[in-house]
Amino acid sequence: MISSRRRLALVTPLLALIAFIAPGLSAGTMAPDAPQPILVLKGHTRDLANAAFSPDGKRVVTASSDGTARVWDAATGAVLATLSGHEEAVRSAAFSPDGTRVVTASRDGSARIWDAATGVEQVKLAGHAGMLEYAAWSPDGTRVVTASRDKRGTVWDAATGKVIAELEGHKSPVMRAAFSPDGSRIVTASTDKTARVWDAATGAPVATLEGHQRMVLGATFSPDGTRVATAGSDETAAIWDAKTGTRLATLTGHERGVLHIVFSPDGSTILTTSSDRTGRIWDAKTGALLHTLPGHGRPVMSGAFSPDGKLAVTASHDKNARIWNVATGALLATLPTDGSEVQTAVFSPDGTRLLTATFDGVARIWDVSAYKPR
């Protein structure tokens, strides 16, 4: 048998090695080897603003400050199309619900709709007097809503490029806009400290969500469309009745501004990310804090749930993305991105892969199938 003294002599160097390689990890929480991406998508010459999978998970689209978006094969990493035409940075890019088109929003003041297979521009959505921050599809793919620094949102016909409705009333730039799940309403988030709900067909105001003390950086509908969640730079998030604008819950606990907010696919929980270097998971009905997701060393820019709601990912400027167990709040994996700040991270539609977009202009695809809770 090995004596206690001998056992300590054997264990102590191992603990020292763990501390050297991964400070902050104890022997009981020793992490597995760092995961490596299965594909690295290189070609952009400036930082990426966002990236997204196609609805079937076979392609990826990236939006870059180099003025282009690109469509990639998610299995091989090959560039399928380069979407060139914007005169300034592209702030967002997203596939249409059927995957045949891509909409981009640019700081040149325009949004554009492209053929996802050929990269040919189909429609130019022009008319805003300021830079665009975001563009989103309606659930049926017939319309697009844009969010602009000219203090407006605009609803467009995706086939003709004609304006359907102007969303006017904000007093400062509109940072985000999103359709409700049934496509009948739109929510906008503005630096004027409010979010607003609008009739998507007429542009008529439905509700003004007032109460944040600083800028509202994000807003999204719950999956059933009955609630709206907002992210405020006043260190709070909030849940609202989407019809009346009544505040249902205030999510307090972050120590700096909330940068991003998203509902889980079943609407039962909410994920927030913050400049305070954490993510947090909340009960979407009561607003109760369920888990704090610590460990990032810089602001956490965005986050997402897996399609089954069992995993969450956080993307940080500390140059890592992290995968978490939603039920327990446990850290499952840290994905290092070779020394570049992570802007966004999203799961594939089947939940087996993760896509990260970073400041070095590179997107990476990771196999995360091993982390799904049994």
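Positions of Cβ are set from backbone N, Cα and C atoms, glycine also.
Pulled from TrEMBL:
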REPEAT    41-82  repeat 'WD'
REPEAT    83-124  repeat 'WD'
REPEAT    125-166  repeat 'WD'
REPEAT    167-208  repeat 'WD'
REPEAT    209-250  repeat 'WD'
REPEAT    251-292  repeat 'WD'
REPEAT    293-334  repeat 'WD'
REPEAT    335-374  repeat 'WD'
SIGNAL    1-27  signal peptide
Intrachain neighbours beyond the repeat 'WD' (209-250), with Cβ under 8 angstroms and 6 or more residues off its ends: 172, 175-176, 178-182, 185, 187-197, 256-263, 265-267, 270, 272, 274, 276, 282, 284-287
For the repeat 'WD' (125-166), residues assigned helix / strand / coil by DSSP: 0 helix, 23 strand, 19 coil
Distant-in-sequence neighbours of the repeat 'WD' (41-82), which means Cβ under 8 A and at least six residues beyond its ends: 88-95, 97-99, 102, 104, 106, 114-119, 343-344, 346-350, 353, 355-365
The repeat 'WD' (83-124), counted residue by residue under DSSP: helix, strand, coil: 0 helix, 23 strand, 19 coil
